[in-house]
Amino acid sequence: MDVLLQALLNGILIGGILICLTVGFQLTFGVLHVIDFAVGGWVMLGGYAAYWASRLLGIDPFISVFFVFALFTLIGCALGPLIYHVRTSRYARPDLMALAFTFGIFIMMRGGALWLWSFDSRSVGSVLSGASFSLGPVTVPLLRLSAFGMALLLGLGLFVLLYRTRFGLAVRAVAQNRDHAGLMGVDVKRVSAYVYGIYTGITASAGVLLATIYSVNPEVGVRYTLFAFFVAVLAGLGSVGGVLVAGLVLGLVESLVGTYVGTRYSLLVVFATLYLVLLISPKGILQRGI
Amino acid sequence: MHADTARQTISRSPLVLEGLVKNFGGVTAVAGVDLEVASREVVGVIGPNGSGKSTLFNLIAGMLPMDEGRVWLDGKEVTGQPAWRIARAGLARTFQIPSLFDNISVHDNLMAAAVESGDWKRAPHRAKETMEMLEISHVADNLASELSGGQQKLLEFGRVCMRDPSVILLDEATAGVHPNIRRIMLEAIRRVRDSGATFLVIEHDMEMVREICDRIVVMDAGQVVAEGSFDEIADNIEVQKAYLGRQV
Amino acid sequence: MVSKLSRSRFSGVLASFVGLVILAVLPGFVDPYSLRIVTGVLMWAGLACAWNIVGGYAGYISFGHSAFFGIGAYVTGILMQRDLGIPFLATLPLGILVAVGVAAAIGGPTMRLRGAYFAIATWAFAEMLMQVAIILDITGGTAGLSLPAYLNEFFFYYTMLVVALLAYLGTWYLLERTRFGFRLKALRDHEPAAEAMGIHTTLVKVQAFALSAGITSLFGSIYAYWVTFIDPRSVMGPEITDQMVVMVLLGGLGTVWGPALGATVLWLINRYIWSELGDTTIYLPILGLIIAMIVLFLPNGLISLLPGGRRGGGLMGRLLRKL
């Protein structure tokens with residue numbers, strides 16, 4: 001029973017970060033109609049940024065996460081127009097070309113990390129590492145709890161931005177209908193670039209949090225891209241709300257399989273579930289996808 | 001009851017529809033349409049926007065599953081069959097928005113239309129004939145996406161011809177095209193009709209309707225509200241209500 | 001017009017003939033190291049050709065073809081273990097059979113998914129299969145599997161050559177000269193319209209997928225015997241698919257000879273980096289950069305730059321036309 005409770009708690013805490021990882025991805029799909037294969041790459045780069053900030057400058061990841069957010073938002077804003085250009089180009093299949101483009105960026109990130117920083121896994125230390133407190137039968141690691149809290153904070157920030165600001169209104173208008181929003185005077189290109197920037201910022205921040213809990217190496221990107229796809233597909237592509245449930249589901253699945261079946265099966269279960277969900281119900285279990 | 005007997009007697013008609021119904025959520029797009037089209041007949045379907053004409057076409061062609069009703073092609077029931085099977089049973093259609101194979105040439109578009117019908121060895125020859133009939137031979141090697149709007153409409157009709165079908169559904173074949181292209185299309189439709197095909201056409205251009213249609217069916221709110229020759233329909237009060245009452 | 005056409009056809013035939021002769025006598029003139037490189041070019045050209053059937057002609061971007069490469073490699077690897085001892089050539093049809101079977105089984109439901117959904121599903125499938133290879137005992141898990149060594153570079157060169165040639169001639173004939181090719185291109189460009197022409201799109205898609213999987217698996221089998229050691233990463237890892245995708249995009253998506261061109265260029269770059277820099281990791285960022293640049297500037301691939309190639313599009317095409 002205690003083992004189960006512990007597994008559930010761990011699953012929920014990780015699930016919170018997975019939600020944070022996928023929210024921006026969904027927003028990008030809703031606004032730009034691009035499936036970003038590079039999503040795991042942003043997670044990985046965020047992790048490395050936190051590692052170097054901690055290693056070279058001695059900044060704790062819970063501080064550097066804000067700088068990482070700002071830095072990657074800028075990078076994303078610079079890259080966004082290119083992706084928008086490809087997606088709205090007059091190529092034969094702009095959707096597939098955009099897919100290939102982000103695929104290329106992803107390979108660049110993964111290969112670049114491999115080239116610069118080798119295969120080695122790097123762990124990012126924080127003052128919170130190792131600290132925990134007991135709550136009845138379960139142990140609550142302070143690090144995971146704080147990471148969970150930070151993820152919630154980021155998600156909340158995005159929510160406020162979307163539903164309480166003029167910019168958010170423009171974003172939602174574009175997500176509803178790009179052409180109409182354009183006619184209403186929304187600068188679709190600029191909004192798309194900003195959305196891509198916010199997405200890269202928030203995803204890299206999730207990467208910082210994940211790097212503090214696990215560690216970071218060039219190969220984690222593939223895994224997190226598939227995790228993001230898993231959450232997004234389960235929620236229905238483009239559905240931001242469904243991510244809340246789907247992220248927790250993935251966190252719990254991973255944690256429970258890891259606890260009861262063995263960690264080496266957890267990836268298999270995740271990929272197999274993703275594949276089956278796609279076959280059975282491509283619009284997501286929650287039927288809220290676009 | 002009468003539908004059953006009707007089917008007995010006209011079972012050789014190229015196209016018979018019986019009680020077609022289609023709902024989208026709470027909205028009824030097609031609300032029980034019965035129709036029979038005789039051999040070599042050209043029947044025009046007119047009606048205001050949203051009256052269910054295009055949905056009706058999609059039901060006949062098997063591109064949308066119908067909620068109720070049955071469809072016969074040349075006396076053979078095709079209800080509920082997939083689109084490709086219905087096509088092979090002898091139905092061809094055009095789409096309201098040109099739906100060409102954009103990245104292959106005009107010639108290859110015609111060839112691709114003939115893969116499942118008729119003698120494949122003769123397909124290149126027939127493609128050539130079709131292009132001559134539609135006066136698009138000079139763009140044979142152009143990609144379909146490079147054609148003008150009117151030429152695309154012609155090519156779309158050309159693909160239908162290549163299929164050598166017994167029943168043809170045309171969805172606004174001449175909407176917004178140059179008068180010259182309209183003339184080519186009109187002649188082509190007559191030629192294909194004379195060679196034995198039967199037509200069901202959605203058309204907004206009343207001049208066109210008057211020129212080619214033997215009979216006209218007026219749809220409103222998913223139902224057939226009037227039926228008759230062009231002159232009969234022109235005087236019909238229901239038709240005027242359908243159009244004028246809605247400000248289209 | 002007619003004489004011009006037949007003249008260009010004649011020069012095409014002549015060029016192919018000269019190329020074939022060169023390929024046939026090549027092993028007598030180059031050192032073993034170079035021969036290995038050319039063997040690699042042939043293999044990747046064949047793989048790119050296989051991927052192009054689904055990606056270029058059917059318009060379904062598969063990110064899971066490494067699964068079929070791995071299936072071929074493992075079928076051959078497992079069957080050639082000492083306790084079974086099945087001869088290499090006999091394992092080839094079995095590998096194809098398994099790959100085609102798997103492709104036919106998953107093809108139907110998977111190819112109902114369009115665009116990005118299909119890409120994600122195939123990727124998940126390939127990653128799933130790699131996890132299976134890691135977990136199972138029969139595959140040797142992460143420790144890998146050793147095959148009986150057969151150190152005859154000529155054998156592998158000619159095997160790759162024959163299979164690659166057959167793959168290209170076969171796809172050229174099927175896709176450019178028969179109804180099958182028209183069916184595929186039609187459904188790629190407009191699936192509902194293809195159905196309206198009477199084309200059984202689901203069947204055609206699965207046929208294409210199975211054909212592509214079979215060819216991929218065949219190369220996987222030969223590769224396993226060639227390198228004599230396989231593990232999940234080396235024959236099922238995402239790099240296999242990555243390269244296939246990039247080679248086709250680089251050469252020209254949906255063209256017959258584009259994949260061969262892309263594969264040649266890219267594999268030579270790969271080997272150059274490997275031998276000159278002694279470091280293969282920098283190859284990956286270059287690979288990614290090439291994809292991004294191709295998408296931005298040369299969407300129809302290198303082949304569109306050649307005379308007689310399909311007209312160029314995108315930025316590069318526009319720039320070239322302006323010159």
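Here, residue 1 is simply the first one shown, and the rest follow in order.
Glycine residues also receive a Cβ, built from the backbone N, Cα and C atoms like all the rest.
Residues or ranges marked as transmembrane segment in TrEMBL: A:6-25 (among others). Using a Cβ-Cβ cut-off under 8 Å and counting only residues 6 or more beyond its ends in the same chain, the transmembrane segment (A:6-25) has close neighbours at 36, 39, 43, 137-141, 144-145, 147-148, 151-152, 154-155, 158, 198-203, 205-207, 209-210, 213, 224, 227-228, 231-232, 235, 240, 243-244, 246-256, 258-260.
Residues or ranges marked as transmembrane segment by TrEMBL: A:32-51 (among others).
Marked as transmembrane segment by TrEMBL: A:63-84 (among others).
Annotation source TrEMBL lists transmembrane segment at A:96-118 (among others).
Using a Cβ-Cβ cut-off under 8 Å and counting only residues 6 or more beyond its ends in the same chain, the transmembrane segment (A:138-163) has close neighbours at 2, 5-6, 9-10, 12-14, 16-17, 19-20, 23-24, 27, 62, 65, 69, 126, 128-132, 171-172, 198, 202, 205-206, 209-210, 212-213, 240. Annotation comment: TrEMBL describes A:138-163 (among others) as transmembrane segment.
Residues or ranges marked as transmembrane segment in TrEMBL: A:193-214 (among others).
Residues annotated as transmembrane segment in TrEMBL: A:226-253 (among others).
Summarising the annotation, TrEMBL assigns transmembrane segment to A:265-286 (among others).
Most Cβ pairs within less than 8 Å of the transmembrane segment (A:32-51), among stretches A:63-84, A:96-118, A:226-253, A:265-286, belong to A:96-118. Within its own chain, the transmembrane segment (A:193-214) has Cβ neighbours under 8 Å at 14, 17-18, 20-21, 23-25, 27-28, 31-32, 36, 39, 42-51, 61-62, 64-65, 68-81, 83-84, 122-126, 128-129, 143-144, 147, 150-151, 154, 158, 161, 167, 171, 174, 220, 224, counting only residues six or more beyond its boundaries. Panel annotation: around the transmembrane segment (A:63-84), residues 32, 34, 36, 42, 45-46, 49-50, 53-54, 98, 101-102, 105, 150, 154, 189, 192-205, 207-209 of the same chain, lying at least six beyond its termini, place a Cβ under 8 Å from a Cβ of the stretch.
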